[in-house]
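Swiss-Prot lists 1-34 with the feature signal peptide. The feature disulfide bond is assigned by Swiss-Prot to 43-69, 45-85.
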């Protein structure tokens, strides 16, 4: 009975290259399929509020215009955990942002 020997290195380097290329393609396609594109390629604020009482706000995040959205977005995180989009042009929202910046509660 002849014994089969196992070699640590593959006997066909071309087969190894093809297998590695296939592995890379599969890994890249799975990453692309799992990427959250919908939230990255559009504005987060579809509707805005003119203002909200300052005592209900935990923090404020101001997102500058960019490739994902052409407008400035102001997103307030409320003390109850909800998020609310505020109108950045509203005088009340401008005052809220100033107070939050002064208190150090903005992102």
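Every residue, even glycine, has its Cβ placed from backbone N, Cα and C.
Note that the structure is predicted; figures quoted are calculated from it, not measured.
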Residue 85 (disulfide bond) versus residue 43 (disulfide bond) - Cα distance in angstrom: 11
Rounded to the nearest Å - Cα separation of residue 45 (disulfide bond) and residue 69 (disulfide bond): 9
Alpha-carbon distance [residue 69 (disulfide bond); residue 85 (disulfide bond)] in Å: 14
Residue 69 (disulfide bond): tally of other CB atoms within 10 A of its CB: 15
Disulfide-bonded residues compared (43, 45, 85) - highest count of Cβ atoms within 10 Å: 45
Mapped DSSP class for residue 45 (disulfide bond), helix or strand or coil: coil
DSSP state at residue 69 (disulfide bond), helix/strand/coil: coil
Secondary structure at residue 85 (disulfide bond), reduced by DSSP to three states: strand
